[in-house]
């Protein structure tokens, strides 16, 4: 999520200087050495928007690999690496993990609808003061269309394989499943701002 999911974003090596820059930024932003949920929400500006906060909480949990309710520097680097230059398949697996709210290995219509609604609301928060165009499809219509195109066996659930295959086969599905809230753009903007001071 974040940067657009594309096959070409597959650079995996992290430059040592870049890693040092990330560490300096992490220490400034998180002097305790860990990033807590409330700080993560603040970064995305969603403290007062419950639907958007729900989505950001799921993103946080997906990045919190060891489940200790914090993101340490290694998890932070892994998250940035995924968002900024991860391979398509890794990004899709991570996106699937965010969408699979109950962790059962499948995404049902309710789970997908909750995420799509949260992202619609988050995009409204991110666009405050900008053109607030009404989406062409409602969240329900988006979910129904995704299931029509991706649920190959018709069981009312999307498996990881269906999710990845559906995204690869159909550009519209890819766009809808990535539901880009631009954390990569946000991260780059924060890095630019800090470089100015």
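Glycine is no exception: its Cβ is also placed from the backbone N, Cα and C atoms.
According to Swiss-Prot, the feature N-myristoyl glycine maps to 2. For 15-50, the entry in Swiss-Prot reads domain 'EF-hand 1', with the evidence type a curator's inference. The domain 'EF-hand 2' feature in Swiss-Prot is assigned to 51-86; the stated evidence is sequence analysis. Under the heading Ca(2+) 1 binding site, Swiss-Prot lists 64, 66, 68, 70, 75, citing sequence analysis as support. Per Swiss-Prot, domain 'EF-hand 3' is recorded for 87-122. Annotation source Swiss-Prot lists Ca(2+) 2 binding site at 100, 102, 104, 106, 111, citing sequence analysis. As annotated by Swiss-Prot, domain 'EF-hand 4' applies to 138-173, with the evidence given as sequence analysis. Among the features that Swiss-Prot reports, Ca(2+) 3 binding site is placed at 151, 153, 155, 157, 162, with the record citing sequence analysis.
Within 8 A of the CB centroid of the Ca(2+) 1 site residues 64, 66, 68, 70, 75, the other residues of that chain are 34, 63, 65, 67, 69, 71, 72. Within 8 Å of the centroid of the Cβ atoms of 151, 153, 155, 157, 162, where the record puts Ca(2+) 3, the same chain has further Cβ atoms from 106, 150, 152, 154, 156, 158, 159. Secondary structure of the domain 'EF-hand 2' (51-86) per DSSP (helix as H, G, I; strand as E, B; remaining residues coil): 26 helix, 3 strand, 7 coil.
In three-state terms derived from DSSP, residue 104 (Ca(2+) 2 binding site) belongs to neither a helical nor a strand segment and is classed as coil. Per Cα geometry, 157 is the residue among the binding-site residues 66, 68, 155, 157 nearest to residue 102 (Ca(2+) 2 binding site). For the recorded Ca(2+) 2 site, residues 100, 102, 104, 106, 111 set the reference point as the centre of their Cβ atoms, and the other residues of that chain within 8 Å of it by Cβ are 99, 101, 103, 105, 107, 108, 157. Only 106, of the binding-site residues 64, 66, 68, 70, 75, 106, have a C-alpha within 10 angstroms of the C-alpha of residue 157 (Ca(2+) 3 binding site). The DSSP secondary structure for residue 157 (Ca(2+) 3 binding site) is strand.
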